Amino acid sequence: MITSPSLAYVAILVFCVSKTSSLDTFIAAVYEHAVLLPNTSLTPVSREEALALMNRNLDLLEGAIASAAEQGAHIIVTPEDGIYGWNFNRESLYPYLEDIPHPQVNWIPCNDPNRFGHTPVQERLSCLAKENSIYVVANIGDKKPCNASDPQCPPDGRYQYNTDVVFDSQGRLVARYHKQNLFLGEDQFNAPKEPEVVTFNTTFGRFGIFTCFDILFHHPAVTLVKDFHVDTILFPTAWMNVLPHLSAIEFHSAWAMGMGVNFLASNIHYPSMRMTGSGIYAPNSARVFHYDMKTKEGKLLLSQLDSHPHHPVVVNWPSYASSVEALSTGNQEFKGIIFFDEYTFVELKGVGGNYTVCQKDLCCHLSYKMSEKRSDEVYALGAFDGLHTVEGRYYLQICTLVKCKTTDLNTCGDSVETASTRFEMFSLSGTFGTQYVFPEVLLSEIQLAPGEFQVSSDGRLYSLKPTSGPILTVTLFGRLYEKDGASNASSDLIAQALRIMLAVIIPIVYSLSW
């Protein structure tokens, strides 16, 4: 029989354990990995050769994982394609694949390596997590056999998946996610027949995971946040930077802010293919980020985050913009191209002022004041309301202040990395038809501006103080997911031609860089 004092002791003990087992904050790590690539990626190699390459990459990841653990990190994210690279065909990828079971099997590969066949990569990842007492997130390839009874079974008799895995601090496989939205040229992989939503709980929050191109689509990215209420997104990626709106650190930090979650983005480091840009982002600002086109080394980032970040105030995006009377710009408007999409622009002609530009249902309003109006730099306010159809189909509404590449207005929308004009203030808003709007501020030399801007409840992206560096772009990047299926015959034909062109160019760039 337990006496009353003993019951009191037990109650206190349970209370203390419950308090210590749930953390209010945690230390996150991401590693931007300079991946070692195979000598050939289009000709099949032996399983032994494939394992030798993967182990060389795992040697580098091991150093980052151990270093992160020594600095107190609870979880580390490593990049998409970080263990064997990219640009494979189905046959040449096969030696790199392992059969990855569903996490419900309750498996610690480090303790029981042969339970699901020969799985040395999973065994090593599991042991790295266990030996360093840290959650490890990695991207590898999964293979699943199929046969003629499955009408969708590929001719080679197997499914191949671009797969994220998560091992907990005991080495247990706790998450497996098959990439849903495959990027242009990922023909070596299959998309899962049923879209997956993958979450797992820890003592330091609820996590969701998806990969690279997934971020531009509603499922699984938005679904994880809106329907499954995750606190933190894990994001392995092999992201090729596209300015002015899709630089890795720029868009990933904006997505974290727009969705109100922590976001751990780990990118490949391969500057010759414009792959760089990793970061740890909180809903209110970037905590730490890395963008480096000059060196060849990897980079480990760490930062403390709230386990359950406070959800931001709900933004009524069109509220302020709908109350502003549109200014007539007449012949001042001109057309320009950003990433194959035709924007409507107006030039900013003074050191300060108020401008409006509209396209279809979207009107964008800008108030600004520059520190000085330089004669050698031109800025423009642009609007785009339409279906992007090049490397994917996704409907955009974008309001953007951009620095033009030269003083020639025809260069407005071109990629540009440096600027000299600082802004004393800016306020950008638009009549968006969506609640999914991602606020971007990018400074010269591809730098973020944490703590220098904010979004108001009525939909204004505005500066809190003069910018710490010259501005490349201030953008509200809106996504109308429900209109992704819209079709236009002429634009679809153009998009098909561009996809063919890009599918040819990407392998050429890869081979030249190698």
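Numbers here mean position along the shown chain, with the first residue as 1.
Each residue, glycine too, has its Cβ placed from N, Cα and C.
For reference, TrEMBL has these:
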ACT_SITE  GLU80  active site, proton acceptor
ACT_SITE  LYS179  active site, proton donor
ACT_SITE  CYS212  active site, nucleophile
DOMAIN    31-307  domain 'CN hydrolase'
SIGNAL    1-22  signal peptide
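Here the features listed in TrEMBL are painted onto the structure.
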residue: GLU80; record: active site, proton acceptor; CB count, 10 Å: 27
residue: LYS179; record: active site, proton donor; CB count, 10 Å: 25
residue: CYS212; record: active site, nucleophile; CB count, 10 Å: 26
Kindly state the mean pLDDT of the domain 'CN hydrolase' (31-307) in the predicted structure. 97
How many Å lie between the Cα of the residue listed as 'active site, proton donor' and the Cα of the residue listed as 'active site, proton acceptor'? 10
Reported as an integer number of Å, what is the Cα distance between the residue listed as 'active site, proton acceptor' and CYS212 (active site, nucleophile)? 8
